[in-house]
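Worksheet for the structure shown next.
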């Protein structure tokens, strides 16, 4: 078989009808890029069934239709026909020529044809099965497929080898068999499920058929006996109920009396608590006064210590002042002595001065006698000379005296400076000390103020906390009493719940029996009913509230047997498996909802678990709840008295027209109400307990806070006392330092005054010295001039002159001595005046010291007075401390007495509470008896009403007299046992059984047929797997062998092989390609270069073709990655292989074209439209 031709119309760029005829051998299709040559290979793949538009380089299948150009309109359909020559019957189709056609319209219509006959895609796939031309065939390699072979996983690469092995037919048969098995198993599962359900129904249905007749006979006998028995029991229970009600009233009266006694004890307890609280307040007040007086005593002691310290300071200050006063008095005494000495020196100096003056006067007289009478002028000159001599001597004397005075004054100033430096250093230290003490005093005062403020704040908070503790203690006491009462109520209700008080004896026996299993509780246990609906639900259910819910019939039988054996009474049981929900019809409910008084369906007004829905539905699903009887009667009439209706106040309207209602003289609490009461009481107890815990926690926290506050107050008191003592000590030190600083300032003023005086003296002395020096210089110059003149004038009078000279010298000496004495006298007067001034200053200072001393003495006296007052205050504080301590101790003893009274009252209250609890329990037990009797009465009435639709009066008319109740009960139990033994009765069981048996037989036959078919299909799958495994292994081995030789032939050496990834699982194993080009290491194909991979893939292609020849091969530029040398080698190999198969090669490589037998050229003379031109190369070669 070979490809004869291909016809294309409107496929991609081939807008016009194009026919391409192929010969055997190698045909090459060439053309420039973008000319549409690859559309030819895609047309072949498309007509053979390619479904992926992306693999055809499009987004949608519509993209294969020619879409038009600027010059050509688009066409509406693409059509391709592939004509195969099948003369050798390569395909299992009895025609020499097979045409396969595929067309596609823009509207999405698609058509497949074989020899112009419409077929399905599946028919084309079946035609090409195992021909090597399938979807995964290596006979058609498009652009990019070579690369995908290397990049795909080994398991995906397996499909190429399966195609070469020709196993697709077997795989399809296996897949079809698996689908049939799946469908058969699904069908078998459904059949078996139905058979299983039918098997569960057929056996009990057969028994139901047998029990139906026995049931009717026994129920008639049971009705007669039960009506008589229940009528008798109702009358007996009514008599007992009245007696129990009377006893219950007596117990209630006793409870009221006990409550009054408890209230009286509570009042006494509360009053005693108030007294204790008052005592606590008084104790706290006494303790507070005690602490205040203790603090006052400590404060007084601190002040006393401070005053003593101040007194000590004053004494020290007085001693220091006395010392200073003594020093000043000594200085004053020295000044007085010095003044006396100076006075004496002044007198002596005055005497010396007067004597010298007399001597001078005598000498002057002698000189006057020696003076020549003719020389008056000369005498004047001599007199002038003498005066100047006197001036010179006086100046010299003044200079010496002033220099001595300056030196002495400077020494005194230096001494003052040294003392002043010491005073400044001492003063700086004292100023720093005073500053630091001032800051410290301010800081301590601030701390003390802060401590006092903190103390007042803590004290206020303590008072608030004490009041809060009192309130909390009272609340806690009240809450404990309330919890005790609530707990008693809960215990009573729980005990009634546990004892199933109010329930029938048989129900109580079953519910409290530990050996019974499968018991889920009573109907009342299953539901929670809102308070508004309790009366309605209680009336609607009646005795059914006491129906016991069990898991199944077996559990019910065991419970009944237990009651029989122990003669514990009767109970009604409802197995969950038998519960059948009832419901109002949609029309009835819809109509009722529109009527006045509609409240709802009873089953929808309560709460219950989801698994209990069948039971609740059976009991209440068809019961309507109305608001009151008037509307309920209108509803009943509207539904012809066929619906059960109950009102919120408890009236009951039954089907058939019966109406029941009214109220007993003594209302009892139903099981639902009691259950609701218990839930509410438990919630109340939980809430009150939580509140109590919260109050206890608050009280503990408050007590802790009070303890902390007391501790903090004690610490603040102690810290305040210590801080106050530090403040007093600091104040004393500050005063002492300040006084010392004042004394230093006063002494500094004296020193500064002395220094100023000395400086003034030095200045004055320097001025006198300067004046004396100037006078000395003038006198010396004048003396020299006069002496020269006199010497010239008195040369002749030498002798006389000598005598005068002697006398003048003596007079000059006396004059000099007089001048010195005069200066000394002035100096003595100055020193005397200075000493007088110093004496005056010392006298003033002594007067100030005396005044300060007197002031300090007054302060000392005042301190002694304050100390005496503090001693009195301390004595008063000690007496008050003792008083308040004794008062607190006395109050504590009184509080102990009251606390003992509290314990006695609490014990009395506990005893009263225990007695009240006993009365509560007795009353609860009696109330339970009353309720139980009431329930028994209601049960009987309800049973007659529900079971036989009879009122009590009607039942009495039909009942027969009873002489032996036990015998009648035994008869009823025997009849019920027989009925119970029969179980539920289905009167239509016979007809239902026959229908069910016929259907069961038909399904079992189907089951057998399906099992046989599945077994045969599994054998077919096993056979297909064997065929696939064998064929795949044979094909793989052949391809591997050819691949090893072909690789060497194409590459001119090297090695290559194929490997299975899982040789032990040939159905799923992948295939790895290993290649070693010449000169390289053996490595995976993915590690080779692009050209090496392409050439390896070509080698694999030829290997597969050798192992599994195909009619024709389409290659689309598979050699694009090869270099020229390898392209030429590829062309040669391709040409040699063309003798065995037909090759259609799309290429643009010259080496490939040279080996082609026929060339088709694809061009685009018109933009977007491909055209063909053909050349048979063999004709040109022959020419």
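Cβ atoms are placed via backbone N, Cα and C, with glycine included.
Noted in TrEMBL for the protein shown:
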{"type": "BINDING", "residues": "32, 33, 34, 35, 36, 37, 38, 39", "note": "ATP binding site"}
{"type": "COILED", "residues": "167-282", "note": "coiled coil"}
{"type": "COILED", "residues": "325-366", "note": "coiled coil"}
{"type": "COILED", "residues": "399-496", "note": "coiled coil"}
{"type": "COILED", "residues": "678-908", "note": "coiled coil"}
{"type": "COILED", "residues": "986-1034", "note": "coiled coil"}
{"type": "DOMAIN", "residues": "517-636", "note": "domain 'SMC hinge'"}
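Cβ environment of residue 39 (ATP binding site): 11, 12, 13, 14, 1170 lie under 8 Å away, each six or more residues apart in the same chain. DSSP assigns residue 36 (ATP binding site) to coil in the three-state reduction, outside any helix or strand. Note on residue 37 (ATP binding site): other Cβ atoms within 10 Å of its Cβ, all shown chains, come to 25. Compared over the binding-site residues 32, 34, 36, the count of CB atoms lying within 10 A of a residue's CB peaks at 36. In this structure, 33 is the one among the binding-site residues 33, 35, 38 with the smallest number of other Cβ atoms inside 10 Å of its Cβ. Across the coiled coil (167-282), mean pLDDT in this model comes to 79. Using DSSP to sort the residues of the domain 'SMC hinge' (517-636) gives these counts of helix, strand and coil: 67 helix, 22 strand, 31 coil. Summary of the ATP site environment: with the site residues 32, 33, 34, 35, 36, 37, 38, 39 set aside, the chain residues having Cβ atoms within 8 Å of the Cβ mean position are 13, 31, 1162, 1164, 1170.
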